[in-house]
Amino acid sequence: MFQSILFLAFYGRPVFGSAAARDYACVNTAESRDCWKDGFNIETDYYGKEEAPEGKLVEYELTLSQQIISPDGYEMLGMVVNGQYPGPTIEADWGDTLRITVKNNFTENYNGTAVHWHGIRQKETNWLDGVPGVTQCPITPGDSQVYEFRVTQYGTSWYHSHYSLQYSNGAYGPIVIHGPSSANWDVDLGPWLLSDWYHDDAFALDHVGITTNRAAIPKSSLINGKGYYECDPTNDAKCTGTRDYYEVVLKQGTKYKFGIINTSTILTYTFWIDGHNFTIIAIDFVPIEPLTVDTLNVGIGQRYEIIIETNPDFDDDSSFWMHAQYCFINQTDIVDDKVGIVRYESAGSSDPPYINKSDYHLNFGCADPKPESLVPILKQQVGAQANPLAAEDYFRVGLGNFTWPDATNSTGSVFLWFLQKLPLYVNWSEPSVKKLTIDETADFPPNSRPIELDYETGQWVYFVIESDWDPAGAVDQYGQEIRVEPSVHPFHLHGHDFLILAQGLGKFTSDIQPNLDNPPRRDTVDVEPLGYVWIAFQIDNPGAWLFHCHIAFHSSDGIAIQFLEQPSKLKPIMEEAGVLGDFADRCNKWDDWYQAVNIPHNATQADSGV
């Protein structure tokens with residue numbers, strides 16, 4: 001469990017983090033969490049490349065492999081990091097440099113791999129974003145790759161494999177970058193990874209899904225790799241009988257901070273703790289004005305830093321359930337909503353009393369907190385739109401029958417999702433960064449879904465994502481009418497935070513007015529079932545950046561595009577960094593491996609690749 005960490009730091013009120021404005025006068029304590037050190041604080045403009053404190057080098061080694069695990073008391077062959085699920089916490093301070101060596105030990109299933117550092121902008125280090133087929137070729141089994149980058153943001157996040165569905169089998173862990181907070185707290189409880197869990201291999205489940213158009217239903221929900229699945233060990237050898245809810249013990253009169261991360265495969269969760277309110281102080285990597293709520297939706301990939309204060313009205317032997325239910329109305333009992341226990345320090349070990357869910361929780365829906373309630377501390381104004389945005393440019397989510405373009409994939413016609421016309425399909429051996437820097441070609445196949453953003457640094461681009469639109473006349477690859485299915489879609493952008501100009505239910509129409517004055521800013525947003533989101537971000541980070549639904553099955557089945565941002569600027573950046581040689585070597589090694597091992601063993605790419 002994390003303990004409170006006190007940093008000797010100084011405080012100023014800089015204008016865009018200007019060193020001249022810093023007075024170095026404040027210390028980071030339980031009474032001044034908005035301070036950090038060396039004049040850096042909650043108001044520092046962390047989007048400037050140099051706007052982070054001087055830091056140290058922090059090194060980690062992560063080995064990805066397979067082993068039998070039973071986080072909810074039922075055994076399955078999972079994917080682990082350093083022999084554990086979830087993987088170990090990557091922990092650093094704002095301004096540190098992380099050097100992480102990732103080793104691929106998937107020697108039995110012939111899987112490549114790559115690790116994505118979710119929410120880390122990778123400013124001018126696009127090739128370290130960890131997306132096979134987009135920013136790199138996969139790491140071959142038995143090989144390793146070093147990811148080294150400076151962390152200029154702070155808060156709570158996670159790392160995960162971005163190779164097909166590996167993270168759904170367990171290949172992920174938390175990231176904590178310590179920095180200032182927008183409200184005071186006493187003790188840091190660390191990251192809480194909230195996840196749905198299956199008892200079958202995610203790759204196999206997805207194959208069933210795309211051939212039958214039936215989504216796989218999770219078996220249980222977990223916090224930090226702990227959960228409770230009801231089974232009988234006398235009748236099922238895989239039922240180990242060792243299962244536990246995640247528990248925390250709190251002390252009266254104390255403010256606790258924790259970061260909640262939805263690391264699920266399919267479920268957006270509605271989260272609450274019986275008898276308690278909590279205060280949101282950050283969304284993704286963005287500190288906000290404190291917002292007190294009693295219930296919170298957490299989409300896949302979203303993070304919230306939260307403060308919970310123990311209730312003086314409760315006895316010190318009280319205990320309470322933590323709840324996480326599927327957000328979709330009328331399907332809230334898809335898994336048991338009890339996911340953990342909060343105990344006050346003198347409470348025993350018995351289960352808390354169960355409080356029946358009210359209509360408030362049953363009908364809470366899948367919406368993010370109201371946009372007007374999420375006010376970033378560091379203010380940003382949205383500039384004028386540089387890109388064309390007619391209705392035909394909207395990113396519309398649909399479902400249809402398609403065939404994967406890879407000749408080695410023999411699945412034939414399958415049910416695939418798409419974002420604007422075609423499902424994404426990347427070539428692991430020919431990632432976009434390779435095309436832009438080594439091959440220097442604009443030959444991007446249609447299914448690689450490239451959208452070029454060749455604008456000047458500082459300009460703004462706007463995009464609309466719709467899940468409620470009229471598909472009349474739109475047909476799939478086999479001439480069947482496209483379907484619009486009511487599903488929540490948590491969309492994640494790599495390489496940027498975006499600003500949310502508007503968000504809601506129903507169709508997006510031209511009379512909707514954008515909020516351009518310091519709107520909510522984050523990297524993952526929920527598009528409600530049959531809803532829309534209007535976003536904008538600033539051109540300032542050359543590279544190939546994935547934008548995708550973070551329901552793992554949806555991303556695997558095609559809901560993604562990639563932005564090619566200032567493509568001509570990427571090669572000079574990589575040449576200056578001296579990384580093109582290693583990049584090419586990794587692709588050559590992967591291509592040789594894939595041709596010599598994967599294809600003969602029928603272990604070929606069977607989905608979008610991401």
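Quick reminder: no glycine exception, Cβ is built from N, Cα and C everywhere.
Feature annotations, courtesy of Swiss-Prot:
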DOMAIN    67-181  domain 'Plastocyanin-like 1'
DOMAIN    191-344  domain 'Plastocyanin-like 2'
DOMAIN    425-568  domain 'Plastocyanin-like 3'
CARBOHYD  Asn105  N-linked glycosylation site
CARBOHYD  Asn111  N-linked glycosylation site
CARBOHYD  Asn262  N-linked glycosylation site
CARBOHYD  Asn277  N-linked glycosylation site
CARBOHYD  Asn330  N-linked glycosylation site
CARBOHYD  Asn356  N-linked glycosylation site
CARBOHYD  Asn401  N-linked glycosylation site
CARBOHYD  Asn409  N-linked glycosylation site
CARBOHYD  Asn427  N-linked glycosylation site
CARBOHYD  Asn602  N-linked glycosylation site
SIGNAL    1-20  signal peptide
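Rounded to a whole number, the distance between the Cα atoms of Asn602 (N-linked glycosylation site) and Asn356 (N-linked glycosylation site) is 50 Å. Residue with the densest Cβ environment among the glycosylation sites Asn277, Asn356: Asn277, by other Cβ atoms within 10 Å. DSSP classifies Asn262 (N-linked glycosylation site) as strand under the three-state reduction. Counting residues per DSSP class in helix, strand and coil order gives 18 helix, 55 strand, 71 coil for the domain 'Plastocyanin-like 3' (425-568). Sequence-distant contacts (6 or more apart, same chain, Cβ under 8 Å) of Asn427 (N-linked glycosylation site) comprise Gly133, Asp406, Pro445, Ser448, Gly609. On the backbone, the CA of Asn602 (N-linked glycosylation site) and the CA of Asn401 (N-linked glycosylation site) stand 23 Å apart. Confidence for the domain 'Plastocyanin-like 3' (425-568), expressed as mean pLDDT, is 96. According to DSSP, Asn602 (N-linked glycosylation site) sits in a coil region rather than a helix or strand. Secondary structure of the domain 'Plastocyanin-like 1' (67-181) per DSSP (helix as H, G, I; strand as E, B; remaining residues coil): 7 helix, 51 strand, 57 coil. For the glycosylation sites Asn105, Asn111, Asn330, Asn401, the greatest number of Cβ atoms within 10 Å around a candidate Cβ is found at Asn111. For the glycosylation sites listed here (Asn262, Asn602), the lowest count of other CB atoms within 10 A around the CB belongs to Asn602. Under the DSSP three-state reduction, Asn401 (N-linked glycosylation site) is assigned to strand.
Ranked by CA distance from Asn111 (N-linked glycosylation site), the glycosylation sites Asn262, Asn277, Asn330 have Asn262 at the top as the closest. A gap of 35 Å separates the Cα atoms of Asn401 (N-linked glycosylation site) and Asn105 (N-linked glycosylation site). With respect to Asn330 (N-linked glycosylation site), the closest of these glycosylation sites in Cα terms is Asn262, chosen from Asn105, Asn262, Asn277.
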